[in-house]
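Taken from TrEMBL, the feature domain 'F-box' applies to 44-90. Per TrEMBL, the feature repeat 'WD' maps to 123-147, 148-187, 188-227, 228-258, 274-313, 314-354, 360-399.
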């Protein structure tokens, strides 16, 4: 038309002037039409204009969810997103944990009894149960190395000190085992009720019991060096502060700091009684500066180690704190029965992040166990899931495990982690899930050599019949493929599509 030819003949400055006048005369619906027409035209696919290596460097810093968004921009972006994920699995374990599927082993354990304790030592996994046994497994193959028998009651506490395993039982004894041979070196008797907690340091181990006492034992001779009395109810947690000091928490609502070195006050004594809690104290964590105690009164209290003074009360949780860990940078992570985890700055007492406060990624039941793996927080729950979170941002990364009976009685009782492995003790309270150990291996070399361990028929990642060729009758009741966050699952599909596209282009 004539006006289009006229517009084409105008100088750039005149065209801008005409456009400004036209926009000023537009009605609101017309402006909305302009906005919808202009926005797609203003988008730029930067990866199509940057050098490949620079684009890969940028994409390598993105989370799996952000990679998913980028992968949908263009075919070029899709191919680069696929290369970025593949590159991340070579550069090191857990760099993009949400974008790689670990190899997996499932170990039927303890004849469907509750798995009460879980430890890792070198290439061994140690599991203890209320069936009175302790079992040692090879972490790489899942082979049962040996079963330690001797306790005549359920084993409810374990600790590893050098190459010795220490166990405490409802039979009121503490046993010291050689990890290499499985021989029981000592049976330590003296408590008159269940041994509920253990802590080792150097050549000694401290045991806390429901009989309200603590005992310090010499691991080499089996002799009881010290008996500590003072608590008025069961001792639930114990931890060493130094070679001569330890801290204990009790159902009598107190925390006590003990000195076990001879002094003018005697051969041992209670140094401080920390008595500000108003309900049972279940958990302890400590740094050289602070002692942290978690209670059924919903609070976490921070005490100064040097003088026992209460310096902060951390408020926010709504129930019992089930576990606490200190991050390498000094922040505190707490897992609570209110289904959330919190990250605290101990220097200010501020809660920096609340993990799982809302949304579809939150835990649906109480937190049972917490571990720290590199820059990630891993949490297990009574809802039958294991989730991974960023310790830096507090953002959800992905589901690491979801039992088939999750939400219907399936429970992950304990988790234990190394830099490349995560071991989960799982089962149920209603018979819907057999007791088992599930070993997830994030080591890239192991992942590339071992078949993906999901044998579940109909799995969209492994294919019908499963990756390891097991029959449907052998299929486990969980699937790490279905445990991915939705974004990561879609990203895996897009990566496969990108690889198919690239193969098609090469053939053409």
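Glycine is treated like the rest: Cβ placed from N, Cα and C.
Annotations in TrEMBL come from automatic prediction, not curation.
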What residues elsewhere in the chain lie close to the repeat 'WD' (123-147), defined as a C-beta under 8 angstroms and at least 6 residues from its ends?
105-107, 109-111, 113-117, 153-156, 158, 160, 165, 167, 169-171, 177, 179, 182, 416, 421, 423, 425, 435, 437, 439, 441, 446
Counting by DSSP, what is the helix, strand and coil composition of the repeat 'WD' (148-187)?
0 helix, 24 strand, 16 coil
For the repeat 'WD' (360-399), provide the mean pLDDT of the predicted model.
91
Do you know the DSSP helix, strand and coil residue counts for the repeat 'WD' (360-399)?
0 helix, 23 strand, 17 coil
